[in-house]
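So that you can see what the record holds, here are the features copied from TrEMBL:
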REPEAT    80-113  repeat 'TPR'
REPEAT    114-147  repeat 'TPR'
REPEAT    148-181  repeat 'TPR'
REPEAT    182-215  repeat 'TPR'
REPEAT    216-249  repeat 'TPR'
REPEAT    284-317  repeat 'TPR'
REPEAT    420-453  repeat 'TPR'
REPEAT    489-522  repeat 'TPR'
REPEAT    523-556  repeat 'TPR'
SIGNAL    1-20  signal peptide
Amino acid sequence: MKTRMVAALLLTLTVLPGCTANGAGRQNLATEPSFRPTVAIAESRALYIYSLSRLRIIEGDMEGALTLLNGAIEADPNSAFLHVAAAEIYLKTNRLDDALKACENAIRLDPNQRQAQLMSGMILASLKRDKEAIPHLKKAVELDPAKEDAYLHLGVSYVKTFDYEEAVSILKSLVKVNPDSYLGYYYLGKTYDQMKLPREAIGYYRKAVDLKPDFEQALIDRGIAQEGLGLFDDAVATYKELLEVNPANVTVVHHLVQLFLQQQRFAEALPYLQNLKAKGVGGLETLRKIGLIHLELEQYDDAITEFQEILAKEPAAHQVRFYLGSAYEDKEEFDRAIEEFSKIPPGTLNYFEAVGHIAFLYKDKGMPDKGVAVLRDAIAANPKQLDLHLYLAGLYESTGKFAEGLALLKGGEEQFGADPRLYFRLGTIYDKMGDKEQSIAAMKRVIVLSPDDAQALNYLGYTYAELGTNLDEALQYLKKAVQLRPSDGFILDSLGWVYFKMKRFDEAVPLLERALKLADGDVTVMEHLADAHAARHEYRKALELYKKILAAEPERKDILEKKRKVKAESLER
């Protein structure tokens, strides 16, 4: 009867090799490997119990399977295979210490039991005992050099122990044995990434994707490495390639959008966000980003539509209401802007800024006194809020009431102490009053209090350039400002202008050309570049720029005179 039962089990489970053999056999090393002995023993009690344990595993009864398997081990304690099978169940139930002990028993019985060596290495690595894992993984590679799993785990353990040379060596051995191992190339890329060699990493990620075009993680890591090198166009192309493979990868869509926003490529980000909105992904945050992009692109009606949609669903979204007021302000619908800013309640994040906008909007409506009254009321309610004092000083400055602005700020100096924002505003008012000495002194106070204030550094450097004095000092200020804000066209213009004043025209021109692009064709920057071209006797380029300035500002008699002079010089040559 027992013989018939065993025969039936053998038919059900496929032919099972014997338990007592210690040979490794060819194992299936998928995520949940299936272990089978290599020599059939038809009526072995251990085999019978093992077969019952396999049925329990199929039914999902791991504890029952383990109880049976321990019985099989009692019946045949010298079977390395049975110890490996027990280790498998311990792993599935997350009993790593027991799994490791079972593997150790298997290796003691048969050091060439590859699966036991591999599992030991994997378990030790998961326990952050990589140095102990490495000998087991090396043995697994040695026992079957054709299988990639041990190479990969060994490479990762070498990386985790900072032995990058060995990691590269073992992974290169893998791709030599198996040139189609996309995982081998991928982990070579990861290793070179860890070694801070992103260009090499990108090459291996690219090879992995060539072998497996839908390998999303390799594409992601390649894109990140390209970003790290500043290869933003390449990174964008990589993420787009990934989205062709998997358009539903929302994480990558969000990352691509963020990359576009960091690069101020707003128009390119917009369709991706609109697609997310159509799919209902991201909720109100997606709408907020769409609205802000429309605002940045001066598409005010579209921005207003998005912000209103958010506020219809979330009336207490006060920051969004601030954006809505800003859209109306930029659209020059001043009354609507004041209405929206006025809805932002005290105590919320944007309240003081909203009050400042309201005050300046009244000035734009030709009612500056009402703006002053709005700010004075707010200051009375919030006397310790420096921002309100700065808004009021700025309003006085913009309406030519410099004495009132100075008096307010001097009082603020006593009340608020040494605040760099206060001294910066003092510096701009002194400048407009024509008191360059006091303006420079105030700006120097700013950089003493805040050494990395790029605006103050730029203000000082440009002031000296305009005065034609202290140019070496100006150069140092502006070099630091450019380091702090390398993409600010106006700061680059100031640096180029200092070089011009120092008669270092060859250094001035490239900076001014770049500044003009970054400053969106600002007329002052254009004039500086034209003057620099003229100084280098590049008359045609200078004349073209003077013509553009006159097209924008036809009343500029000084530009007409410069144009006439350059034309005359060009004829003389």
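Each Cβ is built from the backbone N, Cα and C atoms, and glycine gets one as well.
Please treat TrEMBL annotations as automatic predictions, because they have not gone through curation.
Nonlocal intrachain contacts for the repeat 'TPR' (420-453), taken as residues 6+ away from its ends with a CB within less than 8 angstroms of a stretch CB, comprise 386, 389-390, 393-394, 397, 402, 405-406, 409, 412-413, 459-460, 463-464, 467, 477, 484. Each residue in the repeat 'TPR' (523-556) gets a DSSP state, and the totals come to 27 helix, 0 strand, 7 coil.
Counting residues 6+ beyond its ends, the repeat 'TPR' (523-556) has Cβ neighbours under 8 Å at 489-490, 493, 496-497, 500, 503, 505-506, 508-509, 512-513, 515-516, 562-563, 566-567, 569-570, 573 in the same chain. The average pLDDT computed over the repeat 'TPR' (182-215) stands at 97.
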